[in-house]
Amino acid sequence: MRAFAAGLWSYRNLLIIILTPLLMLPLPLIIQTQVAQCAFTLVLMAVFWMMEALPLSITALIPALVFPLFGIMKSSVVATLYFKDFHLLLLGVICLATSIEKWGLHRRIALKLVILVGVNPGMLMLGLMTGCAFLSMWLSNTSTAAMVMPIVEALMQQVMSAEGQVSSQQEKASSGICNPALQLEDGELLTPPRDHDGEALPSSPLNSKYRTHRDHMMCKSLSLCIAYSASIGGLTTLPGTSSNLIFAEYIHQFYPECKSINFGNWFVFSLPICIIVLLSAWIWLHWLFLGSDFRSSLCSRGHRSEREKAAAKVIKDQYEALGPMSQQEMITLAIFLLMAVLWFVRDPGFMPGWASLFPDYPSYATDATVALMLGILFFIIPARRPTADHYEALITWKEFQACMPWEICLLVGGGFALAEGTKVSGLSSWVAELMSPLGNLPVLGIITIACIIVTSITEVASNPATITIFLPILSPLAEAMKVNPLYMLIPTTLSVSFSFLLPISNPPNAIVFAYGHLSIMDMVKAGLGLNVIGVLTVLLAVSTWGMPIFNLNTYPDWASSHGLTNTTGI
């Protein structure tokens, strides 16, 4: 029986792929309305996305197959939804990310930040979180965690090695044994521990040994701070996470008259959220794993232990080993800063931006225009002095292809197709009508329920898939209640990024979990508190400073109601 169950489990994905459409087939066959047919497609994609029975990008192609067969949309119309302004923006951002990774600018930024904040475990955690969050504003959270975690792992191994040698020296000194080879001088780099044959012990995270409970707690806190800050930093900018980009494209697609969602407004609104959640996460992780003695962390600069001096020496040596900033890094940094500035001042909302220089073509230039213009420069600017037979640009097409997340392009395109299908078929209006009893609750109560639901679902489903499913449902609900759609969609979009509970919740969690310092209960315990902090902070933001930025307290003219159709056929 056990062997049969094990064999059945090995075919679980195939069973899900076959059984899900068969069980749902009566919905479109018996009811035979476009609402029912679109509901069939939505449920099918939701199950496949959450269970990952098929690759996410392949599931995203289902609307292109099913909608024409059901008569919801023509194939040519569905095809146009798979490549939008979002994809051009992503192309430019990935050009930047490719150059940053290729020339090592991310490593220089991370190490410099740690040098500035110190190496006390508490301050080290805060410095790493700040640097990681800053990088994830512009790079994907997966790339950020993958780039920073190896640096952190090397640092943890060196710190634990330093502690062991210092303790050994002190024990021998107290017993009257003097061994000059173990003396730790200020400015001397410690070597990793060795076995009896003189070979260096492996520094694999899976083989790490913790001399003390404090060492283990330090490794846990530093690992989690990387995973969480990589997701928190992405909240701040529209290109920071795929869910932010999907939301922005959804607003531009279905509410073309809405001018509130741009890089400047989003940055002004989200930066305080990022800072509050980041500091709260530091306090929470510090209390869980390092204790409640925050004073020793904040006042550690003047009273450093031998352990901290050794770690500081490791970081300083790694930074100095990078040498002076290369020409390629300088150019990448300059384009990086220019891109951020042009994004911010294109149409910031609180003042005229450079887009106002083209009054005859309002809203023609978008953030994608900036990203694409500067992204192309990476293929033009030479990395080194050209020669007669050789010309090397900052990045090559092959390097760009290696970094480009083509699966995200298809996933987002499938989301746009699904959103348009729910609108055309009337499914979104039917769901809004079904949820109309929620209208008796206070608006903030409805938003809180929506945030809790998406935060829970995103723990087991991908962030892009979750936001793609809920945007076309919550938008018509807001219209039916005569509430500004942004009031409901912005906090929901931000809450999708609060997936901190499990290693499978998002790639950064999986990356740090693979280093072997954490148990699942460590992540659940830390992530549960951080989820609560994140949702409460978002609710505070939309209720206070978000109101004047996005005019959330008024029902805007651009939110013309789609109207609730008679959908009694389902």
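A Cβ is built for glycine as well, from the same backbone N, Cα and C atoms used for every other residue.
Residues or ranges marked as transmembrane segment in TrEMBL: 12-31, 43-70, 82-101, 113-139, 266-290, 330-346, 361-381, 441-474, 524-542.
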Do at least three C-beta pairs under 8 angstroms join the transmembrane segment (330-346) to the transmembrane segment (12-31), pairs 6 or more apart in sequence?
-> no
Which one of these stretches, 12-31, 43-70, 266-290, 361-381, 524-542, has the most C-beta pairs shorter than 8 Å to the transmembrane segment (441-474)?
-> 43-70
Are there residues at least 6 beyond the ends of the transmembrane segment (43-70) whose Cβ is under 8 Å from a Cβ of it, and what are they?
-> 13, 16-17, 20-21, 24, 27-28, 34, 37, 78-79, 82, 406-415, 417-418, 421, 457, 460-462, 464-465, 469
By a Cβ-Cβ criterion of under 8 Å, what residues six or more beyond either terminus of the transmembrane segment (524-542) are in contact with it?
-> 224, 228, 232, 269-270, 272-273, 276-277, 280-281, 284-285, 288, 444, 447-448, 451-452, 455, 487, 490-491, 494-495, 497-498, 500-502, 505, 552
Long-range neighbours of the transmembrane segment (361-381), counting only residues six or more past its ends (CB under 8 A) = 85-86, 88-96, 98-99, 238-239, 252, 256, 259, 262-263, 331-332, 335, 338-339, 342-343, 346, 355, 393-397
